[in-house]
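Data block below; observations after.
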Amino acid sequence: MSIYLDHAATTPMLPAAIEAYVDAMSVVGNPASIHSQGQNAKRMLEEARETVARSVGCDPIEVVFTGGGTEAINLALKGLFWARAPRRRILVPGGEHHATMDTVEWLENHDGAEPGWLPLDRAGRVDPARVADALGTGAEDVALLSLLAANNEVGTLQPVAEIGEIAAVHGIPVHIDAVSAYGQVPIDFRALSGAGRTGASGGAGGSAGGIVALSLSAHKIGGPVGIGALVLSRRASIVPLIHGGGQQRQVRSGTQDVAAAVAFAAAASALGDVPARNVHLRALRDRLIAGVLAVVPTAVLNGAAPDGPDEQRLPGNAHFTFPGCEGESLLFLLDAAGISVSTGSACQAGIPEPSHVLRAMGRSEAEARSALRITLGRDSTGADVDAFLAALPAAHAQASRAGMNDRVPTR
Amino acid sequence: MSGGVDSAVAAARAVEAGHEVVGVHLALSRMPGTLRTGSRGCCTIEDSMDAQRAANIIGIPYYVWDFSERFKLDVVDDFIAEYAAGRTPNPCMRCNERIKFAALLDKAIDLGFDAVCTGHYASIQTDAAGNRELHRASAWAKDQSYVLGVLTAEQLEHSMFPLGETPSKAEVRAEAAERGFSVATKPDSYDICFIPDGDTRGWLAERVPASAGDILDREGNTLGRHEGAAAFTVGQRKGLQIGTPAADGKPRFVLEVRPITNTVVVGPKEALAIGLIAGSKFTWTGLAPEHPGIAFDCDVQIRAHADPVPAVAQVVSVPVPAGADSAGAGATDAGAIELVITPREPLTGVAPGQTAVLYVGTRVLGQCTIDRTVSAVPVPSAAVEPAPVAVPAARA
């Protein structure tokens, strides 16, 4: 018996996506070729691009397929930063995904970038007023602003539209990391980017302001791992990371992966009406949250309050701290009981790190080590939640005995 | 599971013996190297991946447990502090004492495990009354019982060493190859895992502040100057840079490092012969001797790969030092007890900070961190430090 409650890490591929993937893999033809078979491949690719574009409300030409969410984020951050030279400042909230944090730090160490880390409140939310403050004290040297649409650990939604408006006023381009929000909350790129926005039109050597770029990943919505997309506004100018055959608006060279794009599109078209679909997810999650707080009264729910349709929280996300327990111990004990959950993010050696998101939210090092993330997906059932709640008390009792004693010398 | 061949085979054997086994790799550094270099056998991400691949083949779950903070405090910082204090520590023993069979074992027991199983070459046996004993491995050349001498009876109760009865390392490698482990031919690790390039002296020099001081002979005469006492080890001959030759023209060796006065004592090679070692930090590996206050016969081993030497050992009360001029080195708190070991033939290459492990036959009896040594060759002129009087401790 194995119960999967780590859908934010990756969620099972949809049967329809697998079928589309396999079928497309047997089709020969490079979409860049001129002959009929190349044209057939190109048709499949562009249909896929249209489907993905529809799922986030953008034009197909604005969808740049990448090797995944991380590549999309790297392209957005580095590409916009380079295009905006000699501007140096990058405004970023604390608690972003490592794809953003590490890219910004790389630009700082190698390319003279000056990160301006924006604070998070106790719920993990960025206050738009702080963005206005940061831009008010000198927007002319700001290259770009990047933020998560929804935090991948604690599930807090950010006021991206509001922040986008503030940036647009100052002519600052904004990248939205929508990898964890995709499929969980509606995304309307056209509305976010203020298509047809007039006035703030970049100027010499700069991009237009406001939301111009948005990163997606296929495997978070039931598509395959290894493909994502950067939605890149027609208004944006960007320097490519990868040079070669000039595919995809010269922004991302390389033979395009038709089969992966087709499978991505199959998952995107299955999203359907996102809010309606997530009613079930939200109900399950609320049952999980109530259950956890009932069986472990000391547990603390992190992130925004789950308070109905207007809540500022991902519908599939529950995130707790369990004071006095290592999140790692809980993960291990639940795994032994056949239940897969997460502590948040793990580094490449498999060492659970204290949650940098909780640290950015003002929590202590100990609290940041005591975190557990439980995330639901479209296949999750009430029985999954019940099995988790049944296993939790014993795991919690044992993890409490183990305590945090590998951290602090005891003798 | 370090990512080496021994722990991989140990894990596989534990599974076959019917145990429910989980593979655990210890992350001992927050900044691990990515790839293995030279003879390193642990601590890089590559090693962690090797361990995971072995666990996959065995078919057991695998986790990385982060003990980097504990390791830094208990092993790395301790290593630096011991060196700065003029002693010669063994970080592998400290790791066994504080991490593998302490922090790791504690956590494992708390999480519901019964024992820690490692790829050490040592053997656990049971005496007639059911008490656990630690013995040397069958393969004497690979025997690692020395570094396990710090284990107490309670730790032995929760330890497993499946490689202890294996005749040779070659056999373990052959078994690993047969099992399809990629690490079957991986080189053995030597040296100290947290010093990546193996340059222990250079590594320490960056971390232990040095200031110039005097080089003395055994009579207390100043012979020259040094750049920092901690850089010297007992038995060292090179790098002394004393201008005037010894009266007898023979080379001089470091006999003692005194960090408190920042002095280094040198003398003839013969004076390196040690006739008595003693320390107040000692433990028994399993059942303690019935009458440790009465001198008993044993063998003493002072390094991982040294030969054991017949000796007499005894736990004694340390008398209150006469006068208030105890020079620091070797002085022990009044009222403390000490394990005093008298080898039947003098030992060489022994320095404070090292661990003396006592054996009776193949059985590990206990261990003691050496606080002080007494040369087998008396100082030619007036005695600088009187040999301590051994007083039998009250029987426990």
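Keep in mind that glycine also has a Cβ here, set from the backbone N, Cα and C atoms.
Remember, it's a predicted structure, so these values are computed and weren't measured experimentally.
Copied over from TrEMBL:
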type	residues	note
ACT_SITE	B:C95	active site, nucleophile
ACT_SITE	B:C193	active site, cysteine persulfide intermediate
BINDING	B:L26, B:G119	ATP binding site
DOMAIN	B:203-267	domain 'tRNA-specific 2-thiouridylase MnmA-like central'
DOMAIN	B:340-370	domain 'tRNA-specific 2-thiouridylase MnmA-like C-terminal'
SITE	B:H120	site 'Interaction with tRNA'
SITE	B:Q354	site 'Interaction with tRNA'
Composition by DSSP (helix, strand, coil) of residues within the domain 'tRNA-specific 2-thiouridylase MnmA-like C-terminal' (B:340-370):
0 helix, 18 strand, 13 coil
Have a look around B:G119 (ATP binding site) and count the other CB atoms within 10 A of its CB, chains all included.
20
Are there residues at least 6 beyond the ends of the domain 'tRNA-specific 2-thiouridylase MnmA-like C-terminal' (B:340-370) whose Cβ is under 8 Å from a Cβ of it, and what are they?
82, 85-90, 93, 122-123, 125, 133-136, 145-146, 148-150, 233-235, 257, 272-279, 281-286, 288-289, 297-303, 306, 308-316, 329-330, 376, 388, 390
Within 10 Å of the Cβ of B:L26 (ATP binding site), how many other Cβ atoms can be counted across all chains shown?
23
Do you know offhand how many angstrom separate B:C193 (active site, cysteine persulfide intermediate) and B:C95 (active site, nucleophile) by C-alpha?
11
Would you count the other CB atoms within 10 A of the CB of B:Q354 (site 'Interaction with tRNA'), including those on all shown protein chains?
22
Does DSSP put B:C95 (active site, nucleophile) in a helix, in a strand, or in coil?
helix
Give me the non-local Cβ neighbours of B:H120 (site 'Interaction with tRNA'): same chain, 6+ apart in sequence, Cβ-Cβ under 8 Å, ordered along the sequence.
B:D6, B:Q144, B:V147, B:L148, B:F161, B:L163, B:G164
Position of peak Cβ density within 10 Å, selected from the active-site residues B:C95, B:C193
B:C95
Under DSSP, is B:G119 (ATP binding site) part of a helix or a strand, or is it coil?
coil
May I ask you to report the DSSP-based helix, strand or coil state of B:C193 (active site, cysteine persulfide intermediate)?
coil
Helix, strand or coil by DSSP: which one applies to B:L26 (ATP binding site)?
strand
